[in-house]
Ligand SMILES: Cc1cc2nc3c(=O)[nH]c(=O)nc-3n(C[C@H](O)[C@H](O)[C@H](O)COP(=O)(O)O)c2cc1C
Ligand code: SF4
């Protein structure tokens, strides 16, 4: 475990990115009562991930400071939710659903295919930093299964050919 | 037989998500009508309608609303759009195709309950749906429907915000949802107190599913009695049933609450793929006890499915044909609950992983008959011993698969392998490609 007090000072972060973060966060904070700023933790971390690439201790600390809460709280949230990355992911994140309805229509085969093709185990990234491959739980696409998310964009009714096309197109 | 459509009637129309299109079809008419009436009258109509929650538990909506303490302010509405129960994929269609119906439902509910701030908690993976909903809310603000004056008429400030999750099934559980909305990890709270009394930021909070709230405009426009008449007994209206798995036309079907399950699968969803035989059906999302093929000639109404030993839950019907290895299917379901347990209670945290492990062992032929007994025991020790209902949701599938299909588990043990081998998920690629989507909008 890293000690949040000794690493991840906000000053480490590029200034213009912090300013960008602050501008966007101001808009987000309008959605919550002024005395309930901490409610914006998930959106603030999502914003941090977008701007800084991943949730380093410094980014977590930035979110916590701006929301008037503790870095421990930010870390707790950053590690609880699967859509948050506390390590830098590859340029593209490919997430294949292998839950029941997807498996009934070929989801597991698609995941196995991608593992073989990209030579990756679940959660790993290609050496060129192009793709992180993950197995995920139900994406809510059961009627249009099998499904996968690529950088938060949903692809449904997949076939092996379609998957090859989509993944092949990622730069 | 004429079928009344409430929720899906506008799906597939061009531009159905826009305010202009919603208005052209009479949208916000119910809100307009309600502006002239006593807010309490809305609550009465919802009570009369026999609307029951569409999020899983089927609790009477009107009754839930009356649990709000009389004089504590502020109070909040939280709409549950987490939609993460495997097999469930209906709320997203409401949001994609008719977001203003949901917004009007929220406005009516807030007006009825004297609530001035509402949040829609939507799962993080639904990025597109969150965008559509945010855009529709902005349209409603710009048109003066939301804001300081409701529908530009009534001195009733109301705003709605979309709050996106970030990937955690447990945040669909209502108290975990509130924790998450407060900016914390999604740890369910001990109940009571229930959220209606102590909810968001400690204030009274009503939590309802998207589909539940989307019914409110129709109820206000047509009267609670008309909604009740569409259903049966103490269960009113229609429901969105999602059918997935080995049917020819997977998709969302709007039907009366008491529609026949067999008919839904064999007729509406086009029957079983490739002319194969039906093996089993989960009628209400992955946590609902499984039914064997011969048990599906039942009404889908909440109490009827309960009487048949299962749950109508979230209306997600998962269909397995004869080519499926049910041990493999159950192992996959068990993995889901092990992954998604928040880890707060020991029986759930340890038990779900334990069950997953035993099931993997059985599936791969490394288990003994004693392991099968152990599995039953572990499930029994989780059920009823946890803070939230995820524990039960994990135990029920295991208990029911064992009850109905035990010989299949024992065959794995005896053969030291899966009798179905590699093909245990059925459906080869070519028959998969031949599937046509039923409700593809
Ligand atoms: C583990 C778990 C997950 C749940 N997930 C959802 C969900 O994704 N969507 C939902 O509406 N309700 C979900 N529920 C049920 C909610 O806790 C709550 O009962 C429901 O949102 C109330 O709305 P309703 O009365 O309109 O059904 C879940 C419950 C549990 C125990
Ligand atoms: S039952 Fe499971 S998910 Fe629910 S609070 Fe306990 S550990 Fe968490």
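Backbone N, Cα and C define each Cβ position, glycine as well.
Record features (TrEMBL):
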type	residues	note
BINDING	A:97, A:102, A:138, A:142	[2Fe-2S] cluster binding site
Among the binding-site residues A:97, A:102, A:142, say which ones reach under 8 Å of chain B by Cβ distance, listed as they appear in sequence.
A:142
Taking 10 A as the limit, how many CB atoms besides its own sit near the CB of residue A:142 ([2Fe-2S] cluster binding site)?
35
In three-state terms from DSSP, label residue A:97 ([2Fe-2S] cluster binding site) for me.
strand
Give the number of CB atoms, excluding that of residue A:138 ([2Fe-2S] cluster binding site) itself, located within 10 Å of its CB.
29
